[in-house]
Structures are given as structure tokens and as C-alpha cells.
Amino acid sequence: MSVIKMTDLDLAGKRVFIRADLNVPVKDGKVTSDARIRASLPTIELALKQGAKVMVTSHLGRPTEGEYNEEFSLLPVVNYLKDKLSNPVRLVKDYLDGVEVAEGELVVLENVRFNKGEKKDDEALSKKYAALCDVFVMDAFGTAHRAQASTHGIGKFADVACAGPLLAEELDALGKALKEPARPMVAIVGGSKVSTKLTVLDSLSKIADQLIVGGGIANTFVAAQGHNVGKSLYEADLVEEAKRLLTTCDIPVPTDVRVATEFSETATATLKSVNDIKDEEQILDLGDVSAQKLADILKNAKTILWNGPVGVFEFPNFRKGTEIVANAIADSDAFSIAGGGDTLAAIDLFGISDKISYISTGGGAFLEFVEGKVLPAVAMLEERAKK
């Protein structure tokens, strides 16, 4: 990969625009999992140390584009950064027509998704972003797979576009793991975003020796075996695709699950066979037998790719499946790479971050890179390096 790296540049006195991935979970105005901010801090600190005029921004959540919404403000991130940095930190809400930044100061530009045209990679918006800086630093691996104004468009028009240390490190680590992985290689795909990930399984089946599914994806496979999944999250229109995958790949489908009659933190968990799910019930976690079966598979792995929890681990009663799988990964001798927001939150919750070989800040980007797809932001950086 041939890109300009931020670490090769002299940033003293330069206006530096860092696109980080600060899309973290927030509850009651407080950051509940800081993994992505922690990962971005060294880049921010390096730019400040060099005497740059530093701006950093990110998306957070899914607000209606073009509208300010306090619920999705980066204010909780700013408060977190104020605690961690000795430099002054301030949040700027309106910045598209210019912003003054002092050397040694960190200015956080409000949620990029409040700007109309962000997601469509609007050229006029991209040029406004580019006009704010001398150097654009793309450091958000988590959004490198999206061609958007703050991740891709700005880079085409900024004087200099480079890869931040975190992005460069991510690409190197993932590249090494995928080039010649130690075998057997096990890929775990879980979480709630079903349709985006079911298509990924096809590609992964060609790379990995064993696929494991969890969460909403697993429910689609349970349905594909002819079981009633009640009110569970699953994709009815992808059941045929799941059936096809079951004939071509060895995918362990849950045989026992934890169900509830409501989706809430206080819902009662009932352990039962997948043969006995009622219409009013929904699957929220794996059962102990199914989770242990996955743990046994992971024990023998030499490379593990982990993207997504296997149950609604945010609810204490539906945490056990993900905990069993997480601990099996932590106890394994395999080279393990974990990615995705929910996965990072699970790693934090179970306190196993020091037992995972590499933690990627990317979710969708992580999966697309694993699939061998071109990431638009990376392609843009490679193009800019030629000029």
C-alpha cells in the first residue's frame, strides 16, 4: 500500500483536519465504551505535539442528515477528551465557512452527519472541508469503506491527504493476518446487522476453514432449518441464501437458545431447544450447549476473526453466550483479530482486551477488507500519493 503517512510530514504551524472514528456508544451524556477514542488519541496527541492547529471530527450515530440533533452531538466525546488531554479542547458547531484554531489547541468539529451532503460525498461540501486545512489526515478505518465527504471527498481537494497512524497500523495488521493465516482459521460473524453480513459469509467461506454465526444472523439460519423463530430478528428474504450456505459450508446452527417475550433489559430469559420456540418469543442469546460447542471449535483455532456478539449481551440475562465465546477467544493460542463497535463493547465488558492479538476499530470496513474489497478512502489516499 503506497500512501503518504502523517508520520512522514512536518505539521508545525499547519492546519490539520483529522477524520477520526469517534462513533462511540453514549448513554445519559456519557461515553460508555471508549475503545475508539483511546485508539485515536495517539494521532491527535502527535499532531498537537508537533505544533499543528488541530481539528478533529467524526460521525456519531445516525441522525437525520442536515439537521442538528443534540442526542448525536460530539459533546460527550469532547468532555472525555478534556479529561485525557492537557491541551484546551473546544467543540465548534458551525464551521463550514471557516474556523480559527490556535496552535496547541484541539478543536472538535461537530458531527459531520449534521452537514447536508456528507453521506453522498457531495463535492461542494468536500471542498468546504478541504478549505479548512492544509493537511487532511484520514485516520478512521471504521468508515474507510464509505465514500463520504469527510472520509473521501475532502481528500481529493485538500493540499495534502495522508493516512493517520491508526489507519496505517490497521491496514498493516489486517494485511498480515489475511495474507498467510495460520490454520485452522475461524471466522465469527454476529451482531444485529443481518443483511449486510450474510453476503459477507459467502466470501469468508472461501478464506476461513470454519464459519461461526451468532445474533440476528444465526436466527436466519435457525429459520432456514425450518424452525419457528417467533418474533426474533431475522431476514425472511435471505432464508434461501442461508439454506444454500448450509449446503456448501460447515456452519454450526444453534440447537438451544435463550428467549424472551419482550426486548428489554429486565426481560426474563428462558432456555429452550430451537424446536420449541413459540410465536410470541424472540431469540436473544445462544443456549449453553450451543455456546460451548463454539468454544470447543475456537479452542483448536490458529487464527480467529471476530466480528459481532452472539447475543444481546447488553442485557445481563442474555450475556452468557457472548461471554462464553469471548472467553474462549481470550484463552485461545490463536492470533485473534476483533472488529466492530459491539464487539469492542463486549471486549470492554468482559475485560479481555489484553488477550486479543489485534483490536480493529472497523466494523463494516473490517469485513470488507477481509473480503478483499477496495476501500474508497484508501484508494483515494493511494491516488493522492501519486501526485
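Glycine residues also receive a Cβ, built from the backbone N, Cα and C atoms like all the rest.
Matching Arg90, Arg113, Arg183 to the substrate binding residues that Swiss-Prot gives (Asp21, Leu22, Asn23, Arg36, His59, Leu60, Gly61, Arg62, Arg146) identifies Arg113. According to Swiss-Prot, the residue from Glu169, Glu170, Glu314 that belongs to the ATP site alongside Lys197, Gly340, Gly341, Asp342, Thr343 is Glu314.
Closest to Gly340 (ATP binding site) by Cα-Cα distance, out of the binding-site residues Asp21, Gly61, Arg113, is Asp21.
Note on proximity: among Asp21, His59, Gly61, Arg113, the binding-site residues of the record, the Cα nearest Glu314 (ATP binding site) is that of Gly61.
Taking the C-alpha atom of His59 (substrate binding site) as reference, the shortest distance to any of the binding-site residues Lys197, Gly341, Asp342, Thr343 belongs to Gly341.
Nearest neighbour of Arg113 (substrate binding site) by Cα distance, taken over the binding-site residues Lys197, Gly341, Thr343: Gly341. Using a 10 Å Cα-Cα cut-off around Asn23 (substrate binding site), the binding-site residues Lys197, Asp342, Thr343 reduce to an empty set.
When Cα-Cα distances from Asp21 (substrate binding site) are compared across the binding-site residues Lys197, Gly341, Asp342, Thr343, the shortest belongs to Gly341.
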